[in-house]
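Residues or ranges marked as GTP binding site by Swiss-Prot on the basis of similarity to another entry: Asn73, Lys74, Lys75, Asp76, Asn147, Val148, Gly149, Lys150, Ser151, Ser152, Gly199. What Swiss-Prot records for 28-203 is domain 'CP-type G', and it gives sequence analysis as the kind of evidence.
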Amino acid sequence: MSNAFRTVFPTVNRELLNWFPGHMGKGMKQMQQKLKQVDCVIEVHDARIPLSGRNSEFRYTISGVKPHILVLNKKDKIDRRLQGRVVDRLQQEDSEARHILFTNCKDQSCNGIRKVMPLAQDLILSSNRFNRADQKEYCIMIIGVPNVGKSSLINVLRNRHLNKKGASQVGAVAGITRSVLNKIKISEDPLVYLLDTPGILKPNIADTETGLRLALVSCLQDHLVGEELIADYLLYLLNKRGNFKYVELMGLKEPTDSIAEVLIAGSKHLDKTVRVRHYDGSFVIRPDAMLAARHMIKAFRTGAFGKILIDDDKFV
């Protein structure tokens, strides 16, 4: 059966994957302007794609001149036994990536969450603060691509250290934070403020797979890339790993490499149809492939296919 599966995903129109709206360019400029007020930078990224899609521009414009912590969030969605390999590979690629934490912002007792502030404080105290040496409070900037959990991290840290809720707006749609916000107090002693920032992608995504991996974990908005394309890439990844849990989920008889077959079967399994206007003005009833694609994508994002490190092929 595996011989029938694709071994390479076909190249798609790069325009579908290059999403850099105006607020991202403006946000990057605002972040650079606020750097003089910042003592430490925390970069948040999705643990499922630790080697894909990080904005390398941050290193040259934001994080390269300040103490830096890389937080790999949503660690509950990957096998914890792989964390060591992820760290080793990241440090092979970037000698500056010395401080890496894995977090789950939905769990306040998470060991990584507990380590964030002590580590940041240690890095700040051991650094040369230059123009901020006489400042008693600490200011930490939170950066990253869209929808990796930056605002969630701020909220869980604020709730943990101040026991207050409602620090920063959180949403499941990429790009909800659009401006560099005012300082958000998250600790009284020591006095610590965080700066939330908009998720910012590179203006040009490196390649098809990088873009689709970002899309699969919601760093790109689904409708801009196309739900059926994202579902097709998911099918490709699952087949490549021999993960056939989608067969039962989508009402199939056996694994397949055809996304059309998956979505038609899925819409029938879900009993979902859509009325489509025919060329002669009449309406015909067809399987709702879009809804089936959304169902399949949501199943992945909620863990129905198990814990998956999407970048596992980069460790070979």
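Even glycines carry a Cβ here, placed using N, Cα and C.
Predicted, not measured: the structure shown is a model, and the values here were computed from it.
A map of Swiss-Prot features onto the structure.
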residue : record           : DSSP (3 states)
Asn73   : GTP binding site : strand
Asn147  : GTP binding site : coil
Gly199  : GTP binding site : coil
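Largest Cα-to-Cα span within the GTP-binding set Asn73, Lys74, Lys75, Asp76, Asn147, Val148, Gly149, Lys150, Ser151, Ser152, Gly199: 22 Å.
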